[in-house]
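Below: the structure, in structure tokens.
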């Protein structure tokens, strides 16, 4: 029966993926500063490598070993993540621990820190946290329905697996290339890379129904994969810029949670449109609109972030001036009290 799979392969497996994916992005910022974009590109490119190779491997395993043994092999691959988690060694963050030479011990955080909504006080992060999900309403529509669209339009003669192969290859290349490019872009201006990626993802989605030749679909998938890699690899560096290293785990967690809603809703809506209209054309056209809107929203983030930084810089300056004024007043008072004391001493 399929009902137990809803819980095991659905809820439990999804929770495990979340617990594995988020720390793999967060931990990089604690060890790498100058080349954080490149490091994120290298790490996230691994998923593209398996996106390309795993379908062929699974086909061979299912034909030779059967479905059950194939799932056991996948379980062994997942167990590697369990071992890789031991390499996330925490850095010594406390000054007292550094002086004493002790390793930082794990302490379960209080409830307020588990769901720390203070990251939403940062206006730039708020725009980013709601702008990115708004752009991803149709993100999974090409990935889920493209194969069926090819069969409807070109028949069974075309090798539709080539399209996923193109998406996976160029997505890996995009993560490596744009991850390195992000290191040369200062501050929150990295968001402009994400804006460009959303623009091209939306444009390529709208181009899918216009492709009447299979080679055109291949070209569209190549460009879509390239900028999909840009969107994924730039996510963690932007979070570090907006909220800092201390709150980045919570910031990425909230973002991924908000992203899951439109990414889950989009493909069923596209399937419903296909059932009603008999074609995927309208679904692909509509899937290209949210990335354009979300990208336009994200354009305001660098300007907002710069204003926030200027305000933060002004606060310590004001504090220093008031401290200096208080120090000057205290010295004047001390000088005024010392003068009559000296006069009385000289009078005696």
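Glycine is no exception: its Cβ is also placed from the backbone N, Cα and C atoms.
TrEMBL labels come from automatic prediction, so no person has curated them.
Keep in mind that this is a model prediction, so the values were computed, not measured.
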Candidate ranges 162-179, 306-323, 324-341 [criterion: TrEMBL lists as transmembrane segment]: 162-179
Same-chain residues near the transmembrane segment (123-142), Cβ under 8 Å, at least 6 residues beyond its ends: 188, 191, 194, 198, 201-202, 204-205, 208, 224, 238-239, 242-243, 251, 254-255, 258-259, 261-263, 265-267, 270, 283-284, 286-291, 293-295, 297-298, 300-301, 304-305, 308
Annotated stretches the transmembrane segment (162-179) and the transmembrane segment (216-240) touching (3 or more Cβ pairs under 8 Å): yes
Within-chain partners of the transmembrane segment (6-29) [C-beta distance under 8 Å, separation at least 6 from its ends]: 36, 39-40, 43, 78, 81, 85, 88, 235-236, 240, 245, 248-249, 252-253, 256
Contact ranking winner - 36-58, 70-88, 191-210, 216-240, 252-270 against the transmembrane segment (282-304), Cβ under 8 Å: 191-210
For the transmembrane segment (252-270), sequence-distant contacts whose Cβ falls under 8 Å of one of its Cβ atoms, 6 or more beyond its ends: 18, 21-22, 25-26, 119-120, 128-130, 132-134, 136-141, 144-145, 235-236, 239, 280, 283-284, 286-287, 290
